[in-house]
Amino acid sequence: MSFKLKSSYKPAGSQPQAIKELVLGLDKEYKNQTLLGVTGSGKTFTVANVIEKVQMPTLVIAHNKTLAAQLCNEFREFFPDNAVEYFVSYYDYYQPEAYMPGSDTYIEKEAQINEEIDRLRHACTQALITRNDVIVVASVSAIYNLGNPLDYEKTVLHLEVGQSLDRRGMLEKLISMQFDRNDTELKRGQFRMRGQVFEIMPVNEELIYRFEISDKIDLIEIVDPITRNVKANSNDAWFFPAKHYVINEEEQNQAFQTISSELEDRLNTFKKQGKALEYERLKRKVKYDLEMIKEVGYCNGIENYSRHFDGRKDGEPAFTLIDYFKYAAGTSPAGTASSQSTSPNRRGVDVAKNKGFLTIIDESHVTLPQIRGMYAGDRARKENLIEHGFRLPSALDNRPLMFDEFSERIQKTIFVSATPSVYEIEQSGQVVEQIVRPTGLIDPEIIICPVTERPGKNKSQVEDVIERIKERIKIGERALITTLTKRMAEDLSDYLKEQKIKVEYLHSDIKTIERIDIITKLRKGEIDVIVGVNLLREGLDIPEVSLVAILDADKEGFLRNETSLIQTIGRAARNVNGQVVMYADEMTKSIDKAVSETKRRRAIQLAYNEKHGITPKTIQKTIRNILEEFGLTSTSVKNTKTKINRRDRSIFNLDIMGDARPLKEIIKEKEFKMREAATKLEFELAAILRDEVRELKAREKTGDSQKSIKSVKSIKSKVKK
């Protein structure tokens, strides 16, 4: 199936020319290009048009989960008939294995997996195996170990009506695919057998496939796991492995031999060095791990042996999501085989004619340095573990890609940024500018004011910004203030409250759900100001904001360099009255460059507006209260500031007093909202709803709902006090 873009808008402003130049660059076989697009110019829409024109599977990499989710939703709107997938780290909590020699402290790996994100990761790899019209929006998780795509596809199970069925062979096949048997309650990646009925829940779907069998498969039904209603009948069904790491018995035995051989070599080294403690520690650790793998197929930290299970050489990089892209595009050995694949919906790939795949690096000035830094941090931690006998040296090969390896593996690439770094510009065959906004909005006016008060001449930066904020409030507009530190943000926020200004602060210590609530309040006008530190990280593109104040703008550094200043200026570029005030006692090179570049962009947009008779208008953007959509209130968010733990907060949200419906019906509704939240990539909300469902089910089992209601009242009274 081909990519088909659906939108009520047509390319406008700089977009048509940018699309044309980028497509031409891809036709000319440019390895790298840069799309330099200002805030609000519609860079994502431009990229979507490029994808439709070149018809290439596309990997989009963003620098955090939140931005990746936003991009994924945008691309899903543009390409509703194609596969748009989401691939980020599936850990809600992750504490890596580590050893601190100074205090002789060993910290074991501890992790909590988000089941919904795990499901989406499997949906992603399955899409890449089975079709070519795929867009994946990923975080840096794309450069980490994922398992061999060829082994993954070889293990696919296909069942169809009328097929003869060997029950024992079926059981062995599912177990080899890492499925678990559970005859009571089915979850993803599990199966059960009850008489003549065989049920499987795939790892990528919240559906049950029910098979009625005799000596053959008589019927295949797709069943809702909650209501048990039959949603549809099917002639066949495809099942992929429940884990991305798949290995057959022969490969496992070979891996055990090479692990044992490496262990022997390492023990000899410790023996020669006289390191008796490290010798015994490593010997005990590895032998225990091997026994666990033999017995149950898994051990804690099994990924540290991945080089042996993959059959890779010393120092050779692991398989990553990028290898699945090469498979889908037919540009790897696995991909060559895929044209003969019997996987579901597989489109035959003519490798000789295939264009490969396209990579988009979103906000490249932030994302590329992040990718570059992953390898070094991972290696330093593992070298410590290896030196002190906690891991074999081969653990170093369970690692993210080095930056050079990443650059070699991605194919045609477009860097997207309003402020590309020197690296992107130097590596690009061309830099395509997208300066003109279709809306006609111009870059904000910039005013530079002193930081320090001079009696009779000027006020201090704080007193000046308060006056400007009050002027904006009078006309129903909002303001953002950026400070240098968290402490400054909090202190300024307290001071503004004393001045009767409705304000909240925003920095990295604020949890995701509370951050969503604060931003929604700003848009609604419940607060007028947000004070933050790194407002670039927050991705605050809010049309209601007409004033951005940059305090201490002359303090050269990460948050006050040219790139950061230009990005911060862009926060006011969605409002027709946009204005930026920089507070500085001296004119730094960064301020001078940022002001000059903004003036250049203003001039281009003004000329375009005059030529086409465009009157700029503030962007109209629906105020979407995500929290209320999923049955959560701002009151529940406030609890994150209290000493109440996560479980109590979950109970607090379960205000079912006055709800006369049966508990089962309430649970069903909550589960529906939970799945809906996960589908919309609102995973934090889905997690809270999941906890609520667990609490309600606990009530249902004990029948003690009144006690739970009393606990709600008790918690509410504590919060009020």
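From the backbone N, Cα and C atoms, a Cβ is placed for every residue, glycine too.
In TrEMBL, annotation is done automatically, which means it is predicted and not curated.
Noted in TrEMBL for the protein shown:
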BINDING   Gly37, Val38, Thr39, Gly40, Ser41, Gly42, Lys43, Thr44  ATP binding site
DOMAIN    24-157  domain 'Helicase ATP-binding'
DOMAIN    461-627  domain 'Helicase C-terminal'
DOMAIN    664-699  domain 'UVR'
REGION    698-721  region 'Disordered'
MOTIF     90-113  motif 'Beta-hairpin'
Binding-site residues (Gly37, Gly40, Gly42), the one with most neighbouring Cβ atoms at 10 Å: Gly37
Listed in sequence order, residues not in Gly37, Val38, Thr39, Gly40, Ser41, Gly42, Lys43, Thr44 with Cβ within 8 Å of the centre of the ATP site Cβ atoms: Thr46, Ala418, Gln434, Arg437
Gly37 (ATP binding site): secondary structure state under DSSP, collapsed to three categories: strand
DSSP-derived helix, strand and coil totals, residue by residue, for the motif 'Beta-hairpin' (90-113): 0 helix, 15 strand, 9 coil
Which listed residue (Ser41, Thr44) has most other Cβ within 10 Å, given these are binding-site residues: Ser41
Same-chain residues at least 6 apart in sequence whose Cβ lies under 8 Å from Val38 (ATP binding site): Ala418, Gln434, Ile435, Arg437, Asp443, Gly570, Ala573, Arg601
Cβ-Cβ distance under 8 Å to Lys43 (ATP binding site), same chain, at least six residues away: Leu35, Gly37, Val416, Gln434
Long-range Cβ environment of Thr39 (ATP binding site), under 8 Å and at least 6 residues apart: Ala418, Asp541, Gln567, Gly570, Arg571, Ala573, Arg574
